[in-house]
Amino acid sequence: METPVDASIKGEHESPRWKKSTVVFVLGGPGSGKGTQCANVVKHFSYTHFSAGDLLRAEIKSGSEFGAMIRSMIAEGRIVPSEITVKLLCKAMEESGNDKFLVDGFPRNEENRIVFENVAKIEPAFVLFFDCPEEELERRIMNRNQGREDDNIETIKKRFKVFVESTLPIVNYYESRGKLRKINAAKPSEEVFEAVKVLFAS
């Protein structure tokens, strides 16, 4: 079944703009500073930043039929299929007018990666991995005090466990393909960005 998203990313005679794009996946444990560093890259290197979770939330908020379908899946406790997330990413890239993208917190698992390659038919230029010990991640999340319900020690440990089980295999996959760029994220934010800058300036 074709969704409204399919229609908006499909062109009969022309390859969508995003197929010629530079895509960088940004991965790291909860609290590793992905959001902060993505904001820095956007500011200094004119990338467009997408978070898969934000795209899903925006689609729900838009009130579209597609958004209603996503909302009901989440309400029923079902995981939103990777294909839906990838199609939203492709649509957002097509509509952005840019050709350089940071995709934050994606792919979260092996299925995400496979579906992205099959649907978008592009590979990331590289994968930026913010490497940080679990103890430091816990300390940061407990200190950031953003009032988020998931900022408690028990939930943090669960999120980190999911990250290790689902996302680390993705990190290892891209490392084996020579596409991983690992950054020591345990340092202060300014120092981390100095290392990030080198990757994007080259």
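From the backbone N, Cα and C atoms, a Cβ is placed for every residue, glycine too.
Look at TrEMBL and you will find GLY31, SER32, GLY33, LYS34, GLY35, THR36, ARG144, LYS187 tagged as ATP binding site. Positions annotated as ribonucleoside 5'-phosphate binding site by TrEMBL: ARG57, ARG78, ILE79, VAL80, GLY105, PHE106, PRO107, ARG108, ARG148, ARG159. For ASN112, the entry in TrEMBL reads CMP binding site.
When the Cα atoms are compared, ARG57 (ribonucleoside 5'-phosphate binding site) and LYS34 (ATP binding site) turn out to be 19 Å apart. Using CA atoms as reference points, the binding-site residues ILE79, GLY105, ASN112 were checked against LYS34 (ATP binding site), and the closest is GLY105. Closest to LYS187 (ATP binding site) by Cα-Cα distance, out of the binding-site residues ILE79, GLY105, PRO107, ASN112, is GLY105. Counting only the Cα atoms, the space from SER32 (ATP binding site) to GLY105 (ribonucleoside 5'-phosphate binding site) is about 11 angstrom. Local packing around the Cβ, expressed as the count of other Cβ atoms within 10 angstroms, is greatest for LYS34 among the binding-site residues LYS34, ARG57, LYS187. Most buried of the binding-site residues GLY31, GLY33, PRO107, judged by other Cβ atoms within 10 Å, is PRO107.
Between the CA atoms of PRO107 (ribonucleoside 5'-phosphate binding site) and GLY35 (ATP binding site) there is a gap of 15 Å. Nearest Cα neighbour of GLY33 (ATP binding site) among the listed binding-site residues (ILE79, GLY105, ASN112): GLY105. The number of other CB atoms found within 10 A of the CB of GLY105 (ribonucleoside 5'-phosphate binding site), across every protein chain shown, is 21.
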